[in-house]
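Q: Before anything else, here's the structure in question.
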């Protein structure tokens with residue numbers, strides 16, 4: 001497939017899509033685009049996460065009576081299933097597009113592959129190995145622990161307002177399901193902006209940003225404190241009237257869905273004529289420039305409202321550079337003032 005029909009490649013070989021990023025159409029008055037927006041919101045990624053949540057509920061999770069008691073048995077079983085699921089999803093894309101390089105660099109934002117650039121910032125000088133180990137032996141256990149505690153809370157009826165069932169509250173739960181991506185964006189923006197403060201960035205978030213050129217294994221490669229803040233998103237379901245299936249859907253958006261922003265390709269070629277949109281560009285720009293697109297999905301456009309939005313255009317690039325220049329001048333002025341006193 002010819003990726004130059006959809007974007008351009010610079011002298012370094014890095015690819016940029018022709019279409020710039022847009023926030024949700026209802027914020028811009030593009031009401032004729034809402035139908036398409038909702039379709040893209042659901043298909044295929046949200047549908048996949050709901051499908052896996054339902055599969056977990058039917059085939060993986062024990063009965064409610066068992067979950068009323070915290071025990072190693074069902075907790076370890078859930079950990080094993082989570083590890084297997086992440087390995088199959090992340091590992092499958094890593095194998096096809098990064099190891100076998102099924103489509104080479106077509107639609108790849110950064111033309112280099114992480115394996116080509118060993119670095120001392122990573123364990124064993126390998127981004128792939130470092131990211132894999134941090135994901136599997138730190139990230140997934142923390143994710144599973146929070147899931148176990150939330151399921152235990154559900155089984156024991158612990159909730160600020162009470163868990164609700166589908167029979168009597170189906171309309172609200174359907175609406176909540178559609179709102180979960182918005183909850184995710186707001187939570188992610190808030191914790192993400194927080195850990196970009198200088199002290200927290202240096203000691204916590206820099207672990208994730210070591211992967212300037214992210215790949216699937218980068219998705220959950222974080223400091224344990226960041227893992228905890230990130231996966232704690234599902235704790236909102238102890239405050240919002242919710243249902244365990246919707247909670248697990250949200251959990252899979254943060255667990256399996258972390259992949260989306262780190263695929264590294266704008267499109268994955270499934271066949272010679274069929275592609276799968278990754279929705280990775282907004283978060284790729286964050287990894288590239290660090291101080292843009294903290295939330296990035298545009299459902300609740302906090303980045304745009306707070307001046308961090310980068311849509312991939314030259315205008316956004318210029319605005320970002322001006323913001324960086326102004327920040328540098330402020331820091332210089334503070335330093336000069338401190339020296340004078």
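Cβ coordinates are placed from backbone N, Cα and C, and glycine is handled just like the others.
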Q: Could you check which of 37-59, 106-128 is flagged in TrEMBL as transmembrane segment?
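A: Per TrEMBL, the stretch marked transmembrane segment is 37-59.
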Q: Reported in the order helix, strand, coil, what are the DSSP residue counts of the domain 'Fatty acid hydroxylase' (179-307)?
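A: So the domain 'Fatty acid hydroxylase' (179-307) is made up of 79 helix, 7 strand, 43 coil.
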